[in-house]
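Data block below; observations after.
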Amino acid sequence: MHYERILLKLSGEALMGNRQYGIDPERLAEYAAEIKSVVDKGVEVAIVIGGGNIFRGVAGASRGMDRVQGDHMGMLATVINGLALQSALEDANIQTRLQSAIKINEVAEPFIRRKAIRHLEKGRVVIFGGGTGNPYFTTDSAAVLRAIEIKADVILKGTRVDGIYTSDPEKNKEATKFDFITFEDVIKKGLKVMDTTAFTLSQENELPIIVFDMNKPGNLLKVATGERVGTKVNL
């Protein structure tokens, strides 16, 4: 087993499947099966999920909404997604705990680092909702922060493309994929992996990031067990 403890970052949009908005139950079930395959191998799994399938604070601000208010709405969206994923995982017989960075005690535990680590040690999947609990920070930043706090070995960023390319492969067929790239080269080449705050935090704490296609069955297990899938970013 290559990694003992991973943090999986999923975007809210990933939960939409082929829909334009909201949550696709079939996609949720697929992701739950992928996560179960990793848990069954003894890997400790934490998850941070975005809220863009429901609401984005930045989008609200661009239409005149107060940015802080919008970000708070986005945080609540991540909790909704967390509850949906928790339900799907529990349907797959995986013990799961949802912790929130904002107090919402009726539906989620408050984020307590030691408690989160204890859940992981007991084989439970821990979903972190509510972002960082602060406006102006993305869920990418929340993912890196939580990964550092729980001492994860790696951040696995599940996307709809199979790694990092020289340019957007959905727009440029000539784009080529990197198997490995350094943090420094990502910055030099102006490649978009995460927002700058999240990426810098990961670099400073020497926390590797692997970007991979979450929608290809079996990929999560391959990445977690050390197979070369996607693009690895490290020092």
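Cβ coordinates are placed from backbone N, Cα and C, and glycine is handled just like the others.
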Annotated companion of Asp71, Thr132, Gly133, Asn134, Pro135, Tyr136, Phe137, Thr138, Thr139 at the UMP site, Swiss-Prot, chosen from Gly51, Gly82, Gly158, Gly163: Gly51
Per Swiss-Prot, Lys9, Leu10, Ser11, Gly12, Gly52, Arg56, Tyr165, Asp168 bind ATP; matching candidate in Thr159, Thr182: Thr159
In three-state DSSP terms, the structure that Thr159 (ATP binding site) belongs to: strand
Structural state of Lys9 (ATP binding site), classified by DSSP into three states: strand
Maximal Cα-Cα distance (Å) across residues annotated as binding ATP, namely Lys9, Leu10, Ser11, Gly12, Gly52, Arg56, Thr159, Tyr165, Asp168: 26
Spatial neighbour of Ser11 (ATP binding site) that is closest, considering only the binding-site residues Thr132, Asn134, Thr138 and their CA atoms: Thr138
Proximal but sequence-remote residues of the same chain as Gly51 (UMP binding site) (Cβ under 8 Å, at least 6 apart): Gly12, Gly74, Met75, Leu76, Ala77, Thr78, Ile80, Asn81, Thr139
